[in-house]
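Per TrEMBL, the features are as follows:
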- 136-270: domain 'Yip1' (DOMAIN)
- 143-161: transmembrane segment (TRANSMEM)
- 167-187: transmembrane segment (TRANSMEM)
- 199-217: transmembrane segment (TRANSMEM)
- 223-247: transmembrane segment (TRANSMEM)
- 254-272: transmembrane segment (TRANSMEM)
């Protein structure tokens, strides 16, 4: 009868490639530490196929400090000492502010959102003076502020029962393309459409204030006759000042202000009606 479980060649292959043998060989570490060893006085190659005996687990040191000491001593005797890696915060605020990876820019910077420029442009619209204009803020084609102002305008009109989001974005897009074409025809320097959108969007702030005043006040009466022209002139003056600086057209300021005034008049009508 057959004495073994497998023929001789198969038995040798099984002994060499049995999962227990491979597992034991795999668990051998480079420093000589073995997590599992063969029973004393025996070897895996001497065991018949299918009978490997009981695995004897050896005591493995799991203390982190001792392992660290061994690594430090081996590094000091041979190679360079390991350099501890800095702790990298993993949260949303760290990513937004650029406190993540050392070579990773803030996500707001990648999106082109600069709160300092938003603040500077907002102040320039509230108090339009050429001496107070920041050239870096003027050259920035930031569109975060205009999006916020358009959204706030639509929300404020909701308090009066007016759902005007489609009209706001439709008039803004149509007016943007029209003003961009007119300004490039009027000036040889020209202006890109992104900067045009940024300027007319930020200059929409007085209309947003007018929409806020329309909640407690009735702008179809005497209050509207006073506040609406002030808001339109305020927007037109601020936007025209920006365009004059960008296009270097000081002698055509009022000519630039006329189409801008028509643009903001449309928004005033949306706010009233």
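All positions are counted from 1 along the displayed chain.
Here the Cβ of each residue, glycine as well, is placed from N, Cα and C on the backbone.
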Problem - Long-range neighbours of the transmembrane segment (143-161), counting only residues six or more past its ends (CB under 8 A) - result: 111-113, 118, 121-122, 168-169, 172, 194, 197-198, 200-202, 204-205, 207-208, 211-212, 214-215, 267, 270-271
Completion exercise
For the transmembrane segment (254-272), the distant same-chain contacts (Cβ-Cβ under 8 Å, at least six residues beyond its ends) come to 153, 157, 164, 167-168, 171, 175, 178-179, 182-183, 186, 200, 203-204, 207, 210-211, 214, 219-220, 224, 228, 231-233, 235-237, 239-240, 243-244, 247
